[in-house]
Amino acid sequence: MNVSTCISILSLIQAITAIYTQGYPGKRTINPGSLKLDFKVDRESSRRSIIEQYGKRDEEVLVQLYKEELYYSLDIYVGSNRDKCNVMLDTGSSDLWVMSPDVYCAYSSSSYNKRAIGKDGSLAAIHRPNLPPHRRAFTEKKAQDKRAGATTCTKLGSFATSKSDSFKLNKTDSFSISYLDGTYAYGEWGHDQVLFGNHTLSSLSLAVVNLTDSYFGVLGVGPAGSETSTRGGKSYEYENFPMRLKSEGVINKNAYSLFLNSVEEKTGSVLFGAVDHSKYSGTLQKVPIINSYPEYFDEPAYVNIVLNDIKVENSNVATSLGKVSVSCLMDSGFTNTYLPALLLEPLMEQIGATYSYTAEAYYLDCDKFDDISLTFDFSGVEIRAPLSDFIFKYKGQCYVLLFEMQDTYESDAYAVMGDTFLRNAYVVYDLDDLEILLAQANYSKNEDIEVIQDSVPLAVQAAGYSQTSIHTTIGRPSTTTLLGSSPLQRTSQRSAGSQSDSAQSTTTAALTGSPNPDKGSSASKTGIPMTALCLVVFSLLMLM
């Protein structure tokens with residue numbers, strides 16, 4: 001065999017390898033040991049028209065209008081009939097629920113006034129495990145709430161259990177849940193087959209809801225401890241969606257990576273069982289998930305980590321609000337970000353914002369935030385976000401989408417990092433090892449996917465990993481002069497860098513088995529290594 005024949009064989013094997021690692025054009029990437037689900041940014045929520053229909057004053061609802069316009073949704077197909085249901089991806093809860101065709105769709109005026117969320121309100125209903133199902137509360141709401149419309153809650157799909165040959169009703173307590181924003185849902189537990197992307201899970205536990213004031217279902221992917229089935233007289237835990245993926249061997253580890261993408265984009269993704277190294281810059285750093293409710297749970301039931309500081313960068317000057325340790329929920333189910341007063345008030349003072357009692361939100365001049373960025377410190381991991389990501393413009397005024405999380409006593413200060421923050425971070429939720437991994441998001445269209453085996457690859461512990469105690473005595477503010485470019489330029493460079501990725505695309509990484517140059521090396525990359533290819537070619541030569 002001559003040299004040209006050998007080269008031809010090698011080229012053929014490389015072409016086959018590229019198809020294996022990347023998939024055919026327009027198809028889902030094939031990565032054994034992982035499941036990638038793409039979701040869309042939904043800005044057309046029907047709740048907006050419902051609010052406007054009831055005619056509240058513009059100033060009272062403008063922030064809620066923005067909030068209800070934006071959520072991250074994906075389509076799933078339930079039952080033997082494969083009924084299409086649109087659900088919101090939620091890292092802050094753990095249950096999957098969908099609408100029944102005859103759901104009673106309520107309009108609850110009380111749920112639109114949750115700018116400042118108290119821990120003795122809806123949060124307590126979620127976090128305290130031994131509460132009975134909220135049958136009485138839902139019965140009262142059904143009598144009090146106005147009906148939003150016969151089809152409002154089913155516009156995004158519903159599941160008809162009577163038409164599915166594989167649906168089985170559970171003999172357990174009824175399903176009931178209330179969320180931090182005051183929305184609620186009530187229905188019955190069952191199990192059926194559900195298609196997610198290109199994979200079907202049989203006999204998956206889910207709730208079919210017949211009363212709610214929400215207009216979309218929820219795919220909760222949090223820890224088992226926050227499942228609503230753990231409350232009530234017949235309490236039990238079950239394998240929710242990510243746990244089932246692991247037990248069926250679809251993924252090796254109950255871990256998933258969240259990439260919300262930039263504010264301009266209309267899609268994002270969640271990658272179960274793997275990480276995509278092209279979607280972050282720097283190094284993934286581990287921080288522990290903490291147990292914020294040890295009096296109720298033996299181990300963490302929610303994805304809370306420690307928030308230590310927020311820095312305001314403006315005109316080459318960085319001002320730290322002062323060291324603190326606040327329990328912080330990393331919740332993709334929330335559009336906006338909520339902070340305790342001890343952080344929110346000095347932060348608003350630093351950026352020059354004024355509180356509007358009419359709008360129940362802070363606002364500032366629209367020409368004052370372009371050069372400002374915020375840096376959030378989680379146990380030593382710093383994630384920068386431009387202030388513009390937290391701004392909502394309305395009738396010439398700029399409102400800040402950072403709200404107060406009220407606490408009933410100072411030692412219970414609490415924060416929720418919603419989508420306005422999360423889109424700036426690449427977040428890996430490792431629920432087996434009870435860790436969250438953070439890095440600055442890189443808005444790349446490339447893929448460099450690596451399956452997670454025993455631990456998340458190329459990750460290190462954060463500097464403050466072991467400091468998990470919560471205290472709310474805020475330290476003294478400090479100011480640092482920054483060298484080099486302005487905060488705006490640094491943010492712009494980050495975005496621009498993501499659009500000018502190296503010409504060495506995923507194909508090269510897949511064929512060589514090597515990660516991106518700035519990510520170090522890895523021995524467990526997916527794809528076929530070149531050494532294996534050479535051995536195949538050598539074997540073919542020996543047979544000729």
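Indices start at 1 and increase along the chain as displayed.
Just so it is clear, glycine is given a Cβ too, placed from its N, Cα and C backbone atoms.
Over in TrEMBL, the protein carries these features:
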- ASP90: active site (ACT_SITE)
- ASP331: active site (ACT_SITE)
- 476-490: compositional bias 'Polar residues' (COMPBIAS)
- 491-514: compositional bias 'Low complexity' (COMPBIAS)
- 72-439: domain 'Peptidase A1' (DOMAIN)
- 476-524: region 'Disordered' (REGION)
- 1-18: signal peptide (SIGNAL)
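When the alpha carbons of ASP331 (active site) and ASP90 (active site) are compared, the span between them is 7 angstrom. The local packing around ASP90 (active site), expressed as other Cβ atoms within 10 Å of its Cβ over all shown chains, amounts to 22.
Classification of ASP331 (active site) by DSSP places it in coil, neither helical nor stranded. Its Cβ taken as reference, ASP331 (active site) is surrounded by 26 other Cβ atoms within 10 Å in the chains shown.
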